[in-house]
Amino acid sequence: MPFVMAIDQGTTSSRAILFRGDISIAASAQQEFPQHFPASGWVEHEPEDIWNSTLSTCRAAMEKAGARASDIAGIGITNQRETVVVWDRVSGQAIHRAIVWQDRRTADVCTRLKADGYEPMITDKTGLIVDPYFSGTKVAWLLDNVPGARGRAERGELMFGTIDCYLLWRLSGGTVHATDATNASRTLLFNIHTGEWDDELLKLLRVPRSMLPEVKDSSAHFGDSAYELFGGSIAIRGIAGDQQAATIGQACFTPGMIKSTYGTGCFALLNTGAKPVRSNNKLLTTIAYQLDGKRSYALEGSIFVAGSAVQWLRDGLGIIKHASETGPLADKSDSMQSVYLVPAFVGLGAPYWNPRVRGALFGMTRNTGPAELAHATLESVCYQTYDLWAAMRADWPDADAAPPVLRVDGGMTASDWTMQRLADLLDAPVDRPVIQETTALGAAYLAGLSAGVYPEPQKFADNWRLDRRFKPAMSAATRERKLAGWGRAVKGLLASDEGE
């Protein structure tokens, strides 16, 4: 039985997982790498750290499984989206550290684009809003701030890519410069309706077309790994951004299905099918996947801080040693206190989209302590998800056609406390799958589909298995009171920005 290898390149670590033909996991390896914060709101990675951690985890997973290159039918890549690398076409050397999706350095550029009236045109073409989150203004910043970069780019000497594209380039020995439609759709440079790079957007952001990769289906033969990397060539057969890969891994192939992934941030996607749906509630319209040249679209809500808020409790405040301690600590909180954390550590994402505000605690008293902070931190993830859920239900024209269910995945879903509170606040069932590695599974499925190892999407969906369903247990009065308190906290934070 052949293996399929998934590369899951994330914000804080790189992982490789070998899946069997029955989608069970044969072996995995993970390696963290450093984050760099050179200025307030700036987040960077060393491209070599990303590459070296990816390569070493692939080799480690293969060794654990006793797998040779000839035993692997294909590699699927999934990646932190929007993060950008620009490198020399000949040497392969990056001209600067990778600028990470969380980075806010281009906030002023985005403000000017909005003030000049460009946002409606950009949104019409890309489905995105103008925000530092996306790749386009990051590329422009690199070209304008790295000495000589713009001239080199205009002479065709530089290449641009999101992390999937950079890894593909490195894996292929510098022979393949390509990406897939899901990653391209996150750049502010790609027209999601035509499926092509858009000349008007490229001109606006002054990004030379020669820098851009070829855009392919999410399940396709992108190229082959260099022989010397794994002692034999392996076909690279699938690519998708991490949230789209999780949507696939959760088997959300039917329009109306919603998944939410909890990692560093939180990202919810609602499959809208073959037609893009324009949001009236500041959600993004994006490509969910592209198979056989046909695009499926999604509404997406992006939250910048979820699991990283728990890391803050551990690393910043030192009130826990392990993430697993957060739920039991939250259980000890004083029920008479109503403490709200709005974790806008790098601004607020959907549906508020304010890059300037910063995090705040509301409702603290003299008796507020570690338990209340843990409680507020976990609840903040649930409240933010509620905001996305409500916006999606309002935007989706067929929202009342089927009972709402949220499929969840990611590290935070191991917390029963958080998942139960999420179901309570949504007033809807929350389904946690047996296979938690849904992002990697989605990448593996795309590669396995191309290689003929895995079946067509609907047959794959039949193999999805439920671990636990969390059902709402909170009274309507309590739910409404808590949601109203959250609304006041967010309003107060946004008002602080308006007052500056």
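Glycine is no exception: its Cβ is also placed from the backbone N, Cα and C atoms.
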The ATP site in Swiss-Prot lists THR11, THR12, SER13, THR264, GLY307, GLN311. Which one of GLY117, GLY161, GLY411 belongs there according to the record?
GLY411
Swiss-Prot records ARG81, GLU82, ASP242, GLN243 as glycerol-binding residues. Which of TYR118, TYR133, TYR289 is assigned to the same site?
TYR133
Near the glycerol site, what residues other than ARG81, GLU82, TYR133, ASP242, GLN243 in the same chain have a C-beta no further than 8 Å from the centroid of the listed C-beta atoms?
GLN80, THR83, TRP101, ARG186, GLY241, PHE267, SER302
Have a look at the binding-site residues GLU82, ASP242, GLN243, THR264 and say which one has the shortest Cα distance to ARG15 (ADP binding site).
ASP242
When you measure from the Cβ of GLY411 (ATP binding site), which residues in the chain that are at least 6 apart have a Cβ under 8 Å away?
TYR262, GLY263, GLY307, ALA323
Among the ATP-binding set THR11, THR12, SER13, THR264, GLY307, GLN311, GLY411, as the record gives it, the longest Cα-Cα distance in Å
14
Near-site residues: sn-glycerol 3-phosphate, ref THR11, ARG81, GLU82, TYR133, ASP242, CB cutoff 8 A to centroid
ASN79, GLN80, THR83, VAL100, TRP101, ARG186, GLY241, GLN243, GLY265
